[in-house]
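J.: Per Swiss-Prot, the feature motif 'SIFI-degron' maps to 2-19. As annotated by Swiss-Prot, topological domain 'Mitochondrial matrix' applies to 26-36. As annotated by Swiss-Prot, topological domain 'Mitochondrial intermembrane' applies to 61-69. What Swiss-Prot lists as transit peptide is 1-25, and the listing cites similarity to another entry. For 37-60, the entry in Swiss-Prot reads transmembrane segment.
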Amino acid sequence: MSVLTSLLLRGLTGSARRLPVPRAKVHSMPPEEELGTLEKAIALTSCFVSLFLPAGWILSHLEDYKRPE
């Protein structure tokens with residue numbers, strides 16, 4: 001990297017380093033009800049099925065999607 005490029009990059013990023021970053025004022029409370037083991041298992045299973053079942057079906061039927069040559 002040339003000296004000119006490094007000076008240009010330093011000039012562009014130098015002003016951004018001096019800007020204050022506002023802190024987010026996010027406060028949350030603990031949950032009213034804890035999730036049970038069964039509810040967590042159902043949620044994890046539904047996420048797994050909704051993500052991996054369509055992908056697995058497409059991959060298993062990949063030959064059907066190929067054009068005959």
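Numbering starts at 1 and runs along the chain as displayed.
Every residue, even glycine, has its Cβ placed from backbone N, Cα and C.
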J.: Taking DSSP states H, G and I as helix and E and B as strand, how many residues of the topological domain 'Mitochondrial intermembrane' (61-69) are helix, strand and coil?
T.: 4 helix, 0 strand, 5 coil
J.: Could you give me the DSSP helix, strand and coil counts for the topological domain 'Mitochondrial matrix' (26-36)?
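T.: Grouping H, G, I as helix and E, B as strand yields 0 helix, 0 strand, 11 coil.
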J.: Give me the mean pLDDT over the topological domain 'Mitochondrial matrix' (26-36), rounded to a whole number.
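T.: Per the prediction, mean pLDDT sits at 88 for the topological domain 'Mitochondrial matrix' (26-36).
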